[in-house]
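Novice: Please see the structure below; I have some questions.
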Amino acid sequence: MMGGNVMWFRHGLRLHDNPALRRALQDRRTPFFPIFVFDGETAGTKVVGYNRMRYLLEALEDLDTQFRKYGGRLHMIKGKPVDVFRRLWEELGINKLCYEQDCEPIWRERDESVRATCKQIGVECHHFVSHTLWDPDTVIRVNGGIPPLTYQMFLHTVTIIGDPPRPVDDVDLRVTNFGVLPDCFYKEFVVFEKTPKPEDFGVFLENDDIRMIRWVGGERAALAKMQQRLAVEHDSFCKGSYLPTHGNPDLLGPPISLSPALRFGCLSVRKFYWSLQDLFQSVHQGRMSSQFVTGQLIWREYFYTMSVNNPKYAQMEGNSICLNIPWREPHGDELQRWEEGRTGFPFVDAAMRQLRTEGWLHHALRNTVASFLTRGTLWLSWEHGLKHFLKYLLDADWSVCAGNWMWVSSSAFEALLDSGECACPVRLGQRLEPSGQYVRRYIPELTNIPDKYIYEPWKAPIDVQQRAGCIIGRDYPSPIIDHLEAAERNQSAMRELRLMLDKAQPHCCPSSEEEIRQFMWLQDVPQLDVST
């Protein structure tokens, strides 16, 4: 048998800062097999929309291209990981399997079965922490065996642990001995000779491809985008500001977010973190605080850590940190109208249409639509929103996305049902994008509605609607609900619930007003009321 070392790609779809890849290539004489297994779940492909699947496949295409430059290829196989690796051992006698840690509990059964199989057949199995800045298990251990229950407690804990590791050196593929799959694999599994398309997995474009923003998956695109982002941050540091899109987000310009690349691991979070820290050091000769963009990365870490030992984390029932709020069951087609961007509230609808066509939303928009679905207006469970986001949002992963939904819906991570911050779908739109061009971009029916009425078109006189060629209730929906009445009713319901609860759940530790406003992207706004 020829032997071999396997690099199992799941997340971490990159060559740079990849300690698992370095370990797999430690012995250059041994045949090397870079493998991605389409098992129906890897990298979130169990619930996936067209944009998410396309981004994943572009990331794999990029890896394959880089390997082919040095005489190899990325082996893309459809099957069960356990079966693939067992057959590689039976046919070739592979002796080492390396992969990046997936800390979320939804991957535990898969990984434990692979490790058990490797132990049974005598294959070394090595996993490495590089999808997160810190090992969540270490954070929990240092915190006394339980996850930090507040963001501030998490900051304190990681301060005790110390700085996250810097990226490891890049691998040199020039002298790699790439292995070849045995012929039997092409009979027993589906082995893709070239990168497949979404349609090969039964995933099709739902609407016309009218995206204004084109996200490109892959390590090389991610590294180029990171350099563009660092240029923006450098300008911000020189001006003495932080989070340049936070106070006045640009909803019309090309997004500078790297979150999809971080979610799929096309970009190393450690590389981005330390590039930011080093850049700040060069400008200000000091360390960056959590108020800067690195704070957003640490929120990501916090949600990962909170999910590690909680397999029910992405649902309400059985979730020890989630309040069991009596949400309404959807009436008629109201949930479908929210999903499709037909609520009659232009700021919400534009965001929901952008999500379906492009796979991304600015965080201010995410919080707006999440608040509208849950405690802000419709009083529907955050689980509906999570399911929709996991399908369409490029950067949605199980733990971070669920954590955000629990936070915004007041189900977890903030003071007990006590957040007064509720994103008004009219007032917030008027403040963040007064021209209304964002709405017109994604809701062409409203193109000719005057700015005065763009966020409240139902208030436009009928003659104005006629001149605009958009009759509300015919060409664009009337509001699905009276937001003012709903918001007041929901706030009253939350006050009653708070009085009924004897004591706060463990997650309901006090959050500072500043933390709430920062999380909701409203820190520069006076206290919002529910009136329009």
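Glycine residues also receive a Cβ, built from the backbone N, Cα and C atoms like all the rest.
Straight out of TrEMBL:
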- Tyr242, Gln296, Leu297, Ile298, Trp299, Arg300, Glu301, Tyr302, Phe303, Asp395, Ala396, Asp397: FAD binding site (BINDING)
- 3-133: domain 'Photolyase/cryptochrome alpha/beta' (DOMAIN)
- Trp327: site 'Electron transfer via tryptophanyl radical' (SITE)
- Trp382: site 'Electron transfer via tryptophanyl radical' (SITE)
- Trp405: site 'Electron transfer via tryptophanyl radical' (SITE)
Novice: At the Cα level, what's the spacing in Å between Phe303 (FAD binding site) and Trp327 (site 'Electron transfer via tryptophanyl radical'), rounded?
Specialist: 23
Novice: Spatial neighbours of Trp382 (site 'Electron transfer via tryptophanyl radical') among the binding-site residues Leu297, Trp299, Glu301, Ala396, defined as Cα within 10 A: which are they?
Specialist: none
Novice: May I ask which residues of the same chain, at least 6 positions away in sequence, place their Cβ under 8 angstroms from the Cβ of Glu301 (FAD binding site)?
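Specialist: Once residues fewer than 6 apart are set aside, Glu301 (FAD binding site) is near Thr132, Leu133, Trp134, Pro136, Val139, Phe154, Val158.
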Novice: Got a sec? Which of these binding-site residues, Leu297, Ala396, has the most Cβ atoms within 10 Å?
Specialist: Ala396
Novice: Using a 10 Å cut-off, grab the number of neighbouring Cβ atoms around the Cβ of Trp382 (site 'Electron transfer via tryptophanyl radical'), all chains included.
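Specialist: Cβ-Cβ neighbours of Trp382 (site 'Electron transfer via tryptophanyl radical') within 10 Å number 28.
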Novice: Return the residues near Trp327 (site 'Electron transfer via tryptophanyl radical') by Cβ distance under 8 Å, restricted to its own chain and a separation of at least 6 in sequence.
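Specialist: Sequence-distant Cβ neighbours: Thr374, Trp379, Leu380, Ser381, Trp382.
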Novice: For the domain 'Photolyase/cryptochrome alpha/beta' (3-133), what is the mean per-residue pLDDT, to the nearest integer?
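Specialist: Mean pLDDT, the domain 'Photolyase/cryptochrome alpha/beta' (3-133): 95.
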Novice: Would you mind reading off the Cα separation of Trp405 (site 'Electron transfer via tryptophanyl radical') from Trp299 (FAD binding site), to the nearest angstrom?
Specialist: 13
Novice: Looking only at Cβ atoms, how many others are within 10 Å of the one on Trp405 (site 'Electron transfer via tryptophanyl radical')?
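Specialist: Total other Cβ atoms inside 10 Å, all chains included: 27.
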Novice: Within 10 Å of its Cβ, which one of these binding-site residues (Trp299, Phe303) has the largest number of other Cβ atoms?
Specialist: Phe303
